[in-house]
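The structure under discussion appears below in the form of structure tokens.
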Amino acid sequence: LDWWHADRYCEQRFARLLFEPQDSEQASFSKLLQSHHIRGSLWLSERDGVLHKARQRRDHIVPVLVFGVKTDTKYVKVLSDFPALPAVTACAHLQWDTRTQEIATIFSYAVPAFVNEFQLRGFVDEEGFVRFALIVHGHHSPYLPVFHADRQWHHFCVTWQAEYGTWAIYADGKRRASASGLCPGGPSAPQAIYGQGTFIIGQDQDSLGSTFREKESFSGNITDLHIWQKVLSAEQIEQVRSCWVVEQDLVFGWSSNALEVESTVQKVTTQFLCPDTKHGGAVTSLQLHTSCLQSLPFICHYRKDAYWQLKKAQLESSHSLVSRVNKLAERTVIPENIFTSAVQDMNFSVALGALDVLATVLRRGKTPVLESSDLLAVLQLLKQVSDVEVHEREQLEMLEQLGRYYVEVTELILKEQNMETWSSISQVIRGPMAVVELCDRMVSHLARLLTAGRTKVTIQHGSVGFHRVMVKNMWFGYGSLQHCLAGAGSSVVFQDVSPDGGQKYWSTVVGTAVISSTVLSEDQEISTSVHYQLQHHIQVPFSMCFLFLLHVSPDAGGVWSTAGCSVVTSLPDSTACVCNHTTNFAVLLQVYEMQRTTEEDLTLQTLTFIGCGVSFCALIITFILFLAVGVPKSERTTVHKNLIFALAAAEALLVFSKLAKTNQVLCFMVTACLHLFFMAAFSWMLVEGLLLWSKVVVVNMSEDRRMKFYYVTGWGLPVVIVGVTLATSFNKYVADNHCWLNVQTNVIWAFVGPVLFILAGDTFVLFRVVMVTVSSARRRSKMLTPNSSLENQIGVQIWATAKPVLVLLPVLGLTWVCGILVHLSIVWAYVFIVLNSLQ
């Protein structure tokens, strides 16, 4: 199978593709391949890939030809020399204009001897389908439906070869029509399509390169046209649909420079989201990677405990549910043996019928408690149905019904009486939260039901339902998961530390419904904060907000974690949660990940926001005063203004950095700017120290030269540090959970290292200044009050020490030393934020 189907096949049988072997496993791996007589390549799974891989997508920006209303003037000529074509494939993306049902010519190829040498024509039928017909040397195929006229982009390919006149039409990766006998010279004398002709897009040529008719012109949009002098395989057509060009035997590749465009034809650009067919990898002895669409052998891998539990369930089963479902359906809907079921995709009609029968049997309730093998068989069927692809218009009309059956079956297998059955297959399926993931896959299909007139789809049965607007929502009522997640009345909680920094709970009591949400933008998941109001099933004095993390421990079925979620309000009958990742001041000098409660995180964020807000206002007012009041220009005021600017910019960015978390590029830019401005602030704090040193110790350097040196230190040094860091650590620069330097990859030391060096230098300057100030104060005291008491002299010296320390600690940034201590206690984090956000 190809990589996607191989991965799906194993996953549907509660297994995974065999992992890439480690060095110590190479010998046993080779023996395994020999025992299965595998000599070439085979598919392997990435060892670190813990979730079911969805098809990755990538942006593909292309020029589009816009043919408006039907006319006899609009055309586009392909500027390419065509050889004789014993075989041909033409593919393009097309958007059909549904305002007319007249025949339209998508393209026509004419030669001097014959104007209808090679054409593709189409029209919209009464049922709303676009029908295509292929013409070769005047021979006409029948008009056959290929895709729905829904004003959406569709990909098509037409193939033809002279031998036997075999032809085929593909739409959106599926073969829609095929036959033989389209032979210009007859079967006995196959004849190629003539070369050196004229290829026109959008018009039928009644004479070579001209004489167009309005009635037969094309109306719509077309892009990405490619032509080959061979018949592409189904795999290659899928590759072309995924925006990867097959270079071999390519006659014409889509390019604006190779087109002669009539002046009234508009040219625009559009962006496609294409499946990334280069995502997977095949492994040979040379570790070569290949396209995911290539068919290769594969091996499914089971954990031993899961395998033996599956075998036990199979051996002890009476197959009562399976036999009754198959008997009612009068065919094999659910195979009795999950290990030996056939390698095939389930189509839409089979899926609809299978769930209908299964829901009917479960609804009758003759089997109140499911056996282990029955539950596994139902889960296997749900996996297969969630992977069904929907294409036809008739299927769209029945899609909502499929969703209703799916939700009903899900609700029926989550009933309280099946709690022990879920426990009995705990090594295979670690808990009913696996059903949430399956429903998430299924609900993705419902997007096709949304139109301008129908902006919301809701499907509900009992305590399980789907609801989709601009986000994909699912909710599981209190009763549907509670009994399966933990025994009724169980209140024991085992707490540990989760890798994401939150508190981790292996067993707990669910007090509300379970909600699953995915925010989508053009089929891509995006990250944003979400606010929920959850009603309690029973009144409780205390509650917490949790996320269920499947990726933390896949073999353990995931864990409940408080990471990224906090309680907004907690009432006896309800809890309001907000789930988001934000940045606070104490993060800046953390050199490794810290675990904190949601209350602590919320306090840190509040202190940061208040402190930075007050500090920013004070800095701006001070900066304005420096400019407006007319403070005499000097080294000290210049240094102060630069420090004020750098610190104000850094604190403003810090406060609003959480807004950039939803955009990867913007978050990267904010992190780089934060790094630069905080580094500049510290560099100017160092300059403040150097300026003080020049007043305490005589420095033989002119003021002009000193200022140049200060600017190089204050701005040049941060630019160099940030530039070098970006050049060496571009792909591991930003942290996963907030817009700041990555702690996991040690990039944080590009900030913490220079800061510690500057703080050490400024500490030495402060120590020297204090010594000079105390010495001066002692001499002044003896001169002015020679007969003063010892207590007075000590008081003068204490004040002489305290005054410069109090004044210079924030100016030189020495309050940041507390940042080194934030790992010891949350108290130090509070102290650090208060001191430095108010700097």
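Every residue gets a Cβ built from N, Cα and C, even glycine.
Residues or ranges marked as domain 'Pentraxin (PTX)' by TrEMBL: 61-274.
The domain 'GAIN-B' annotation in TrEMBL covers 424-595.
Per TrEMBL, the feature domain 'G-protein coupled receptors family 2 profile 2' maps to 604-839. Mean pLDDT for the domain 'G-protein coupled receptors family 2 profile 2' (604-839) in this predicted model: 82.
Same-chain residues lying 6+ beyond the ends of the transmembrane segment (607-631) with a Cβ under 8 Å from its Cβ atoms: 583-586, 637, 640-641, 644-645, 647-648, 651-652, 654-655, 830, 833-834, 836-839. What TrEMBL lists as transmembrane segment is 607-631 (among others).
Per TrEMBL, the feature transmembrane segment maps to 643-660 (among others).
Taken from TrEMBL, the feature transmembrane segment covers 666-687 (among others).
Taken from TrEMBL, the feature transmembrane segment covers 708-727 (among others). Proximity of distant same-chain residues to the transmembrane segment (708-727), defined by a Cβ-Cβ separation under 8 Å and at least 6 residues beyond the stretch ends, is recorded for 635, 638-639, 642, 646, 672, 675-677, 679-680, 683-684, 686-687, 690-691, 701, 733, 747, 750, 754.
The feature transmembrane segment is assigned by TrEMBL to 747-774 (among others). Outside the transmembrane segment (747-774) by six or more residues, the chain places 588-591, 675, 678-679, 682-683, 685-686, 688-690, 692-693, 696-697, 717, 721-722, 724-725, 729, 732-733, 741, 797, 800-801, 803-805, 808-809, 812-814, 816-817, 820 with a CB less than 8 A from a CB of the stretch.
The annotation transmembrane segment is assigned in TrEMBL to 805-833 (among others).
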